[in-house]
Amino acid sequence: MAKNKFSKDWIHQHINDPYVKLAQQKGYRARAAFKLLEILDAEKLMRRGDVVVDLGSAPGSWSQVARERLAGPGGVVDGRIIALDLLPMEPVAGVEFIQGDFREEEVLEQLARMVDGQPVDLVISDMAPNLSGVGVADSARIQHVCELALEFACAHLKPNGALIVKAFHGSGFSQIVQSYKQRFKRVVERKPKASRDKSSETFLVARDLK
């Protein structure tokens, strides 16, 4: 009964969510697009000519935002967008996509080959592991995903490049922040308005490699 009530509450909240309605109006595949838009505007990131890597890209709303930001005359992408996700993603015009598990060495190597030594301006990561509800185990999974994004960014970003990554407050969060501060000159936390109030998610914006 409680589970059924929770499901009904979630459906009601989802249907009445202004960001869900706005995403539908603007043609975004998910409300998460507005989280990225707010961060990009606040940080003045992502412009034409940039090379952008989108980790955890499905269903594609962040790739859609990147395509809009990089669109030049005639709507052609001025720059490059490479997206990766474990799940399939419907094509986004101008976006190169790899389907695979970012935690696997073989997939990381495939992504590195696609980047092909080209310096990356911005890495955006909306990746989130499957959570079990067991605090210690979940914290370890979250920390692992954030560390993988960090290692990839440090290997491929330009010296003045940036990384936007989703994290969650809780056990292990301070260690994630500390590890980012060890590698970047500036690290800030952002909680976009489109993030639901009850959600523990927060986004780290790391800029300028040390």
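Placement of Cβ uses the backbone N, Cα and C atoms for every residue, glycine included.
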With Gly60, Trp62, Asp85, Asp101 listed by Swiss-Prot as S-adenosyl-L-methionine-binding, which of these, Asp121, Asp126, Asp138, is given for the same site?
Asp126
Would you find the one among the binding-site residues Asp101, Asp126 whose Cβ has the most company, meaning other Cβ atoms within 10 Å?
Asp126
Over all shown protein chains, what is the count of other CB atoms within 10 A of the CB belonging to Gly60 (S-adenosyl-L-methionine binding site)?
24
Local backbone state of Lys166 (active site, proton acceptor), from DSSP in three classes:
strand
